[in-house]
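S.K.: In case it helps, TrEMBL gives these features for our protein:
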| type | residues | note |
| --- | --- | --- |
| TRANSMEM | 12-32 | transmembrane segment |
| DOMAIN | 24-303 | domain 'Sugar phosphate transporter' |
| TRANSMEM | 44-64 | transmembrane segment |
| TRANSMEM | 76-93 | transmembrane segment |
| TRANSMEM | 133-151 | transmembrane segment |
| TRANSMEM | 157-177 | transmembrane segment |
| TRANSMEM | 189-210 | transmembrane segment |
| TRANSMEM | 230-252 | transmembrane segment |
| TRANSMEM | 259-280 | transmembrane segment |
| TRANSMEM | 286-303 | transmembrane segment |
| REGION | 307-345 | region 'Disordered' |
């Protein structure tokens, strides 16, 4: 009897570990990325380091048999390239947004993505109009976002230019990649590997176009060729590590729990991010701005409730796993796009 009891207990702790790991990584990632870009003010180089970490992590885990990923092939890479370009732009604008704005501004614009995705699906993909509950939740999100922008004392044209650029690219990424890349037949880890390898290949182009390489060389000369600064090294290392960990915990937790449980975890993560951001430093919104932010997140909760389908009573475990992927595409695509979620937007 003791052997029979052991397996469910072991499974319970394994599932709990995955969910807690995902919650910690997801809620801390935006704050850690803000910390990293504050201490290491080179967004192109920072994201390149994150791409290397994620690509090597997937390759290494595959070598040791912890996961299976599709092999890298040039013909598939050519077909995947447009999606990788959109992905790179989403990460690039994301990092620059965190460079010029606080985490709360990032969360507000991230929360606006369901509204634009719903509009894009209806206009371009001829999908049915959102239900009344979904439409009401989207209006709540929009109202909270407008209120936040109107009361943002730290408003700058540069920060909000990056914010709108991020919103445009991440919306394009959600609509385009979901329905184009999946036709290539890549598995989840193959998707992560192709995204990060191709993005890494594009990084030097953006270093030249943005002139960031000049800033890096100037900093090296000013520091006498000394690359190592303990605080910056720690910040960048944490950003790369958490980006890689969220790839693992995000995909593993999605398979381990139901769609509803995973959705609730994703919503809670946003509130945890706001709370952590307020507690650890002063780089956050005003009290009125925080109220508007919570209003936006509440609209997000209502939106998730309106689009999450309850699983059929006679569904098998394999069907439930499929439903999890379908229901949580909007939530996890963004997580996968923060530099490590490559599965870290």
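FYI, residue positions are counted from 1 along the chain as it appears here.
Even glycines carry a Cβ here, placed using N, Cα and C.
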S.K.: What residues elsewhere in the chain lie close to the transmembrane segment (286-303), defined as a C-beta under 8 angstroms and at least 6 residues from its ends?
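M.R.: For the transmembrane segment (286-303), the list is 104, 107-108, 111-112, 114, 133-134, 136-145, 147-148, 151-153, 267, 270-271, 274, 278.
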S.K.: Count the CB pairs under 8 A between the transmembrane segment (44-64) and each of 12-32, 133-151, 157-177, 230-252, then give me the winner.
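M.R.: Most contacts with the transmembrane segment (44-64): 230-252.
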S.K.: Please report, as numbers and ranges, the same-chain residues at least 6 past the borders of the transmembrane segment (133-151) whose CB is under 8 Å from any CB of it.
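M.R.: Residues packing against the transmembrane segment (133-151) from afar: 104-105, 108-109, 111-112, 114-115, 118, 160, 285-286, 288-289, 291-300, 302-303, 305-307.
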